[in-house]
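Just below is one structure, and these are the notes that go with it.
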Amino acid sequence: MSILFHAYPLARPALFAMDAETAHEVTLAQLQRAYDCGLTRKLLHAQPEAPATLMGLSLRNPVGLAAGLDKNGAHIDALGNLGFGFVEVGTVTPRAQPGNPKPRMFRLPRANALINRLGFNNQGLDAFIANVQRSQWRSQGGILGLNIGKNADTPIERAAEDYLISLAGVYPHADYVTVNISSPNTKNLRALQGGDELSALLGQLQERRLALADQHQRHVPLAVKIAPDLSDDQIDAIAEILPRHGIDGVIATNTTLARDAVQGLPHAEEAGGVSGAPVHELSLRVIERLRSRLGDAVAIIGVGGILSGRQASEKMAAGAQAVQLYTGLIYRGPALVGECVRALAQGSR
């Protein structure tokens, strides 16, 4: 355990000298090698006991991996064994697509932030499912979330078709499914967060889920991932719609388009969504508002800007039942997982 944890701070300067997306790929490849050699196998069992329940699912601990880090589900076991209680991979679209032109990911180290405009780059649903089927994570008791989106060339008016295709494909292989309607990097996608559009989409997804549950004889929870840039009225409308359509969870939040916290920094004006530290307070506002409107009707997963155990605890105090990490891992490395688990275990005593 100590070898891996000490290795990342030593490797970080070299990784940060690379293009951000290249460094991301190198890190995943090295992590996979470490897992294949057995160097990460003990990390999963080194965390303190912090059992939690989320959307009816039993978690080892309430600290998860956010979608986006492993878009194709190729590294589920290696990532899960860093000590996560649950892992979410994707976003996957029905057909493979390259995403936006490179460069499309930028670090802002002074703000502990990233800007990305990746655009749902992925190998498509068939390759994604094949990767998921090869994973041992679920058979070892890990919880797996599969995150679905729409192809860039699918008109927004036909977005539901893409989500329905992907839901049917991933349903047998998921512990829960996340409907991503909040990436700022797919044209018009965030329009699906609007009241009428959201209600229409979720109505179709719930109908399909009921049929899939009957076909596979199991209920798979559905979550919706939303943006941090919503007004109070928009949050209230979403909070009214989710339980009406039987949605089990809401992930708050995705990246922000706001630039206030990074103004004047190199790359600050690059197009795309900001993740990392600047999102923490924005997501707290959304979580608090959702919890006040939802009560206990829908589970909330808090994500955005968690770079310490204290910030994970703040997400829970705001009303989340679980948290997810992504950008914090890039700045802090795998030690962040255990720090967050310990903080939440201590807070639950």
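Heads up, the Cβ atoms here are built off N, Cα and C, so glycines get one too.
Binding site for substrate per Swiss-Prot: Asn116, Arg117, Leu118, Gly119, Phe120, Asn180, Asn185, Asn254, Thr255, plus Lys71 from the candidate set Lys71, Lys315. For the FMN site, Swiss-Prot gives Ala67, Gly68, Leu69, Asp70, Lys71, Thr91, Asn147, Asn180, Lys225, Thr253, Gly305, Tyr326, Thr327; the one candidate out of Gly124, Gly276 that the record lists there too is Gly276. In sequence order, Ala67, Gly90, Thr91, Asn147, Ile148, Gly149, Leu189, Lys225, Asn254 make up the list of same-chain residues 6 or more apart from Asn180 (substrate binding site) whose Cβ falls under 8 Å from its Cβ. Residues Lys71, Asn116, Arg117, Leu118, Gly119, Phe120, Asn180, Asn185, Asn254, Thr255 make up the record's substrate site, and a Cβ search at 8 Å around their centroid adds Gly68, Thr91, Gly99, Ser183, Pro184, Thr186, Gly272, Gly273 from the same chain. Reduced to three states, the DSSP call for Asn180 (substrate binding site) is strand. For Ser183 (active site, nucleophile), the binding-site residues whose C-alpha atoms fall inside a 10 Å radius of its own C-alpha are Arg117, Gly119, out of Leu69, Lys71, Arg117, Gly119, Gly276, Tyr326.
Put simply, Arg117 (substrate binding site) is 15 Å from Tyr326 (FMN binding site) when counted between their Cα atoms. DSSP assigns Lys225 (FMN binding site) to a strand. Using a 10 Å Cβ-Cβ cutoff, Asn254 (substrate binding site) registers 27 neighbours.
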